[in-house]
Amino acid sequence: MALRFQSNVDFTDVPIPTAIRPTPPSTGATIRRAKTLTRPERSVAPHQFTGSDYNGSEIWRLTSRVLTFWAPGFLLSSLGGLKDKNVRQAWREKMTLCIIILILCGVVGFATVGAQRVLCPQDQSTQTQFLRFNSAPGTLGVLGHVYNVSSASSSPVNLLALSEASSAQDITQLFNRDASDFNACSGLSFRVALDAPCSNTNPCPLGNINSSSTFTSLGMQDTGDLVGYSWQQVTALQNYFVIDGAVLNMTTYMNMHPTGVPTDDVDAALRTLLQTTVSVSGKDGTRLFYSRSDLQSAVPCLKQRYYAGNIDKITPGCFASQLILYAGLIVILGLVLIRFIMACIFSWFLSGRLAVAPDSDTLNRNAISPAVMPEGANVSIDNRAGTAPWAGTGGGARKLGKKDYKSDRSFASSTTLTNSSSDSAVAPVMSLASIGAELFAICLVTCYSEGEDSLRTTLDSISRTTYSDSRKLIFVVADGMITGAGEKNSTPDICVGLLDADPRFGNPTPMLYEAVGSGEKAINRAMVYAGHYTVAGRRTPTVIVVKCGTEAEAAAGKKAGNRGKRDSQLILMNFFSRVTYNDRMSPLDFDLFRKMHILMGVTPDFFEVVLMVDADTKVFPESLGALVNCMHNDQMIMGCCGETRIANKRQSWVTAIQVFEYFISHQMAKAFEAAFGGVTCLPGCFSMFRLKARKTSGDDWIPLIIKPEIVKQYSQNDVTTLHQKNLLLLGEDRFLTTILLRTFPNRKMMFLPQARCKTVVPDTFKMLLSQRRRWINSTVHNLMELVLVRDLCGTFCFSMQFVVFMDLLGTVVLPIAISLTYTLIAGMAIDPPKTFEQAIPLLLLISVLGLPGILILITTGKVVYCFWMLIYLAALPVWNFVLPLYAFWHFDDFTWGETRKVEGEAKQVDHSVGSKKLNNESVPLRRWEDWERSRLRKIRREERRRREFERQHPAGYVVGQDDLLSARDVRSQYDGSDSFSIVSSEDDHWGMQIGGYNEESSQYPPPPVGLILPEDRRLESAKIVDASELEAMLESGFDDRQPSPVSTPAYTPRYQLSDNGSSTQLAATHNGYAPLTRSTSPTNTPTSPSFGASRAGPGGARERYGPLGPLDPATKF
């Protein structure tokens, strides 16, 4: 019924071609809409995810097939049950990711443990290879070997005295030996090879060096070690030099030949090294001797005959392993210390400045009005300021013009405006003091299967915040006709039951909108309930959107309307994006516009921030104000989250192990990221985003979360690859943060510890597995996106990009990390470390686990959190081994699992699944002016029909269901004819898409004509009455009588069509917001006595009714 006129009306609203300028009609100036018509989502293909196209990167797909060659497709289909091609590809990609993670874990394990054992094996020979010269008393060296002489005899040489003089010194020259004993010297003609070792110059009092009995008789014991020398020691010792690492003692040769030997090249080389070369770091003859062949032939002989030890140095392998160890120590310990220090600095100095209320200088400055659209989106010849059509043009009054249907179809979809003011070149500005410190904030509460207690707790906490009711609007979205497990009533019934509905809006009508989904799920319907949430004397404007599904879904009765949390968020994001740009609205958007305007007294473009809260979250009273102050104090902040604490911490062991994990993820991880303005994940349970921000110059708006590119990326329907599904179907909140950081890398994402909330966490291990599976997989894929963003804060290793990379690496190697940790603890207990290098891993472990405990005492001062930390440490195998492994193996599971159970549901299906494809053009999209024109025509048409019906039926009529007019049956029961019924919009193309209520009916007061100041600031704008005025008021008295409803017409539209005889002019204020005036009824202002008009309630009782509903909420109790 609603869409039966599709063939007669153009639903697409084709943009005006920008190449050829159409001829403007004669009725008035045309809207140019240069920016709106060239918006990216209308002409450019949707944003493609980094590293993937529509079907994924070909290289990645090929890699997944190569690594899973052992699993042919027919086996996966027949034995594995993976019938669908996309499901098989997702399985292959999952296995490929698992293989890559396994390789990374192997690399980390090798670098931590294996590198040292492979490159520098610590066996007995290498551990005791060298004994440093002059370091071990009671030892002497013979041919480079260390001997223990502590029990040696003192005859014929006092060996113990030599050891005391210089331990491990070379005494080879004291032993008897012959030149023929050195076979390496045979055939050489140099004096170093021919001279007798023992002579009158060099006496040898001890026995033969080649006989073991000599050492036994002297009481010398071989230790098995070699004498080690440092380069400094070689430099200090006379007649010592080094060849290829071997230390040679040439004392006997130099004593025998005090002067040079003619024609002996080796002698000349020796004297060059020992007498003429001056070195401060040792004497190395390797290059000299190996550069000439004749000298090189003497090297083996020199090593065999004059060897005294070796340079005490580590091998290249040991050096490389130590380099890896120290590099890991510097990087990891550096990151841990920097995180700790920056978290403390943020907690002590930075966060407090953000939470304070803005100063008077900030509020007293003039800036662009919220009614002005960004980037010239609504610029026309007569509206050069670009104000919204519902706010007046350039500060002047205006009226809606009549369409010229005779022109080109694409041009006819534009709007004609008539401006009575010629001065429209300057954009309307306003003083920020008129809004005040409390920005207009909308509180989005998404719910799915929560119970009444959870919903009531959340709504109570938001309503009870210290934030003024006139500045906040609760926006609840019920995701489908769902009944939670164990609940008697459905979630929509619970939500609507908590609402004090506004009688002005009657029963809501299901409205069409474009949903997030494919196939038949691409279209959805929703009903908008509007009213107030009343608690403890607070009365907060509230809108409840119930997604009820299409007619086919409602007939099926299975989770009708359910599209997921992302779709719930996009209802709000799409709405504000279309309001901000005056883009084409769906019927749901226009219904929201009308009801939000009536509830709040201002058009929706006055809202600047949105607080996103889950339905099981309790917001602390000061939190909303603190987050708004944060937005006030730094215009570069586009998102901010508070600290989330656990409400059911003592419910079970599962909740107990999460307490410290929540604390440290906020107070350390997010605080560190906030110090640089780059928080990588704003949790969806409690985060505030800026809808739009004023430029620094204050002359234009910059849309942020409602920027068309952001909305388009976040609302992608066709997600086919594993990467896309993990981004969009599991971690919506983290992905929203990712695309914001990627689009606005120079803006800030912050964490504010002064804003707090409590939430209910999973209390069973099965629910925890399901939740963390989604969170871990979402984290991995979002960090893969962020690590490629080059414009983040810092450079190289001192950048957020490097921190993101380390977080990504740390996440995927958690299983091997915890395994190595327990291996390290066991190894240290069995064999305590003896050197600093061996203690490095223990130092890292202590720093990683101990610094958070210090942070607890510094930031909170609560020792009880140390107890929760011990519980967390005891559960480390669960956090770092069980949960990651489970998540990695379920990379291809895109359902929400056990986190949100629905009554009677067996197995969940992700929201991207759809069957037959529908045409999205069946959702009518029109601009606000077109919807408003149709609404006014519908009202006039209904009034004409009512008058005609009254004339035809003098006996009266009644208004039945769906606004059907029925005459009272005054005929006989035997007449045989039914009563008449007339559909009010049967000849209107758009009437069925517009709500059947009339918010401008005379029995209800109009919305406020200006900004309502909070209670504590009302007196600032109050008028001071002088003595003469007071005297006149006392003489004339007050008239408390209510105006007669008979003299008031049934409706008085805000705007009149140009074809009407009389037009209602709108007096625009200085800020560009057009107040509403009525020529036939008394003009009401927020401070006038007549504003609190009374209306007839049930039973004829009258109750006072203000801009936010009944003025005395206590009458409801």
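Placed from the backbone N, Cα and C atoms, the Cβ positions cover glycine too.
Automated prediction, rather than curation, is the source of TrEMBL annotations.
Sequence annotations record features per position, and here TrEMBL assigns compositional bias 'Low complexity' to 1075-1090.
TrEMBL lists 240-312 with the feature domain 'Cytochrome b5 heme-binding'.
Sequence annotations record features per position, and here TrEMBL assigns region 'Disordered' to 1060-1117.
For 94-115 (among others), the entry in TrEMBL reads transmembrane segment.
Listed by sequence, the residues of this chain that lie at least six past the ends of the transmembrane segment (323-350) yet keep a Cβ under 8 A from its Cβ atoms are 111-112, 115-116, 667-669, 671-672, 674-676, 751, 753, 797, 803, 806, 837, 840, 843-844, 847-848, 851, 854-855, 858-859. Per TrEMBL, the feature transmembrane segment maps to 323-350 (among others).
Annotated transmembrane segment per TrEMBL: 812-830 (among others), in sequence order.
Under the heading transmembrane segment, TrEMBL lists 842-861 (among others). Below 8 angstroms of C-beta separation, residues 328-329, 332-333, 336-337, 340, 343-344, 347, 660, 663-664, 667-668, 753, 821, 824-825, 828, 833, 869, 873 of the same chain, each at least six residues beyond the ends of the transmembrane segment (842-861), sit close to that stretch.
Annotated transmembrane segment per TrEMBL: 867-891 (among others), in sequence order.
Taking the domain 'Cytochrome b5 heme-binding' (240-312) as a whole, pLDDT averages 88 in the prediction. Nonlocal intrachain contacts for the transmembrane segment (867-891), taken as residues 6+ away from its ends with a CB within less than 8 angstroms of a stretch CB, comprise 90, 93-94, 97-98, 101, 649, 656-657, 659-661, 663, 722, 726, 768-769, 772-773, 776-777, 811-812, 814-815, 817-819, 821-822, 849, 852-853, 856.
Per DSSP, the domain 'Cytochrome b5 heme-binding' (240-312) is made up of 35 helix, 14 strand, 24 coil.
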